[in-house]
């Protein structure tokens, strides 16, 4: 059945909520929309505040892991390794296409038994699908290697097949880790989620990388180690859920069959959509393998990694948007959901701009972290950064489509974008090589998020933009001026990048302050400050 595009009961057009009407100061008790908005914003922002330090640590450790490999091995050798790992990532993404039901139904589970059934069934479904995909990749590895002469020329067919088969065997273990993380997110276990996903696994992965470089001098050891630590960290998380939350493996309870059918009906279109989504986000790596070289694969992977740093604010906000948005939608609070989307997307844009500017201005210094071969390709980095910047400007659009039960609309968008991408990206890659592939990447993210915004507005009357979204863009002008001025005056180098970024951020902050902030944003800062003051007092009083 197609997604219902008629106005739902109580729906409020996002453009009809003037932000000037929001009062400053405490939320009036007679304004239920603002009260619900304040509560939802605080929950989402608290999740982001708690998560961002661990997300920063995670990204820093991922950068360190990548830099360890790119500096410990040649760019070509690293490229072959990363292309093989991205084949696993393609199947990982498809396997996780059935996890959306956990985020959708776990927060609203009425009993512990229902919670256990949702978690167990969702996890079993993910791991089972991953096992099937893993077997397929293992058997197809020689055929894939024979079709990718550009990659195998850098390392040999046997080496590439070995990488593919290690990642194929390890696929269920990696999916197991992400399934446990999804359960933690659905239960809003902020601390445990961050320790598991943002700290434990990245540290373990970095340890594997260092051992592979310093002790064994073999990338195959790194491949084996990464999949092993994924399974081990996931198991630790499952044990924690057992001990702390009493979560038990359970597939039977009075309404288990009905719940499982509802789960499958919900995730079926998401699973189908995941094929299109995966083709968009990871289909570039098969193209690299078919038409380009291992070195090009390494450069593309590093560009994507650096570009993803721009997404950090959105990643932080998105930690707990799914359960909060699902609850608002289920309870019919559409106006509060619209306001939440406005404010959260504006905050994401503000922070994303502060990350995107230095990444573009000091791109050569950034790419120098990974070795000389990557500095030569620094001119491509703005394409990756701008692609992610545009995606972040749309805010949590994909999550909101799913949490408002418009997953069929998401399927249509992803299918359309995938078809366009297939038509455009192959000739661009053949004609222009790596620059053509980067252009396809930029086109894909821009088109995907633009269409998702249109579908969400059509179905639910939700859209992210307000007049206040222009303020971070205006404030970026002095930021760019200061950063460029420092680079021209002092030349390149890490010291110039650090100093120029610091001074540019100061100019950015002043420009934002001059333009002012919205009442909802000021209230959010006040409520978070009060929350953390109370928490600090409780800690101090318990120690005295």
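Note that Cβ sites are derived from N, Cα and C of the backbone, with glycine treated the same way.
All TrEMBL annotations are machine predictions without curation.
Summarising the annotation, TrEMBL assigns region 'Disordered' to 1-30.
Per TrEMBL, the feature transmembrane segment maps to 61-81 (among others).
Annotation source TrEMBL lists transmembrane segment at 118-140 (among others).
Per TrEMBL, transmembrane segment is recorded for 160-187 (among others).
Sequence annotations record features per position, and here TrEMBL assigns transmembrane segment to 199-216 (among others). If one looks beyond the transmembrane segment (199-216) by at least 6 residues along the same chain, the residues whose Cβ comes under 8 Å of a Cβ in the stretch are 54, 57-58, 61-62, 64-65, 68-69, 72-73, 177, 222, 225-226, 229-230, 232-233, 236.
Taken from TrEMBL, the feature transmembrane segment covers 222-243 (among others). Within the chain carrying the transmembrane segment (222-243), a Cβ under 8 angstroms from the stretch's Cβ atoms is held by residues 69, 81, 84-85, 119, 162-163, 166-167, 169-174, 176-181, 183-184, 187, 192, 196, 200-201, 204-205, 207-209, 211-213, all 6 or more beyond its ends.
Taking Cβ pairs closer than 8 Å, the transmembrane segment (263-282) reaches residues 86, 89-90, 93-94, 96-101, 104-105, 118, 121-122, 125, 402, 405, 407-408, 410-411, 414-415, 417-418, 421-422, 444, 448 in its own chain, all 6 or more past its ends. The feature transmembrane segment is assigned by TrEMBL to 263-282 (among others).
Marked as transmembrane segment by TrEMBL: 288-310 (among others). When Cβ-Cβ distances below 8 Å are used as the criterion, the transmembrane segment (288-310) is approached by residues 59, 62-63, 66, 70, 75-80, 82-83, 86-87, 144, 147-148, 150-151, 153-155, 352, 355-356, 359, 366-367, 370, 373-374, 377, 380-381, 383-385, 387-389, 392, 429-430, 433-434, 437-438, 441 of the same chain, each at least six residues removed from its ends.
What TrEMBL lists as transmembrane segment is 347-365 (among others). With a threshold of 8 Å between CB atoms, the same-chain residues lying at least 6 positions outside the transmembrane segment (347-365) that come near it are 45, 306-307, 309-314, 317, 375, 378-379, 381-382, 385-386, 388-389, 392-393, 395, 469, 471-473, 475-476, 479-480, 483-484, 487, 492-494, 496-497, 500-501, 504-505, 508, 512, 521.
The annotation transmembrane segment is assigned in TrEMBL to 377-402 (among others).
Feature annotation from TrEMBL assigns transmembrane segment to 409-430 (among others).
Listed as Cβ neighbours of the transmembrane segment (436-457) (distance under 8 Å, sequence separation of 6 or more from its ends, same chain) are residues 3, 14, 280-281, 284, 287-288, 292, 296, 300, 303-304, 380, 383-384, 386-388, 390-391, 393-394, 397-398, 400-401, 404, 406, 409-410, 412-414, 416-417, 420-421, 424-425, 427-430, 463-464. What TrEMBL records for 436-457 (among others) is transmembrane segment.
According to TrEMBL, the feature transmembrane segment maps to 469-488 (among others).
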Are the transmembrane segment (160-187) and the transmembrane segment (118-140) close enough to be called in contact, which here means at least 3 C-beta pairs under 8 A that are separated by 6 or more residues?
yes
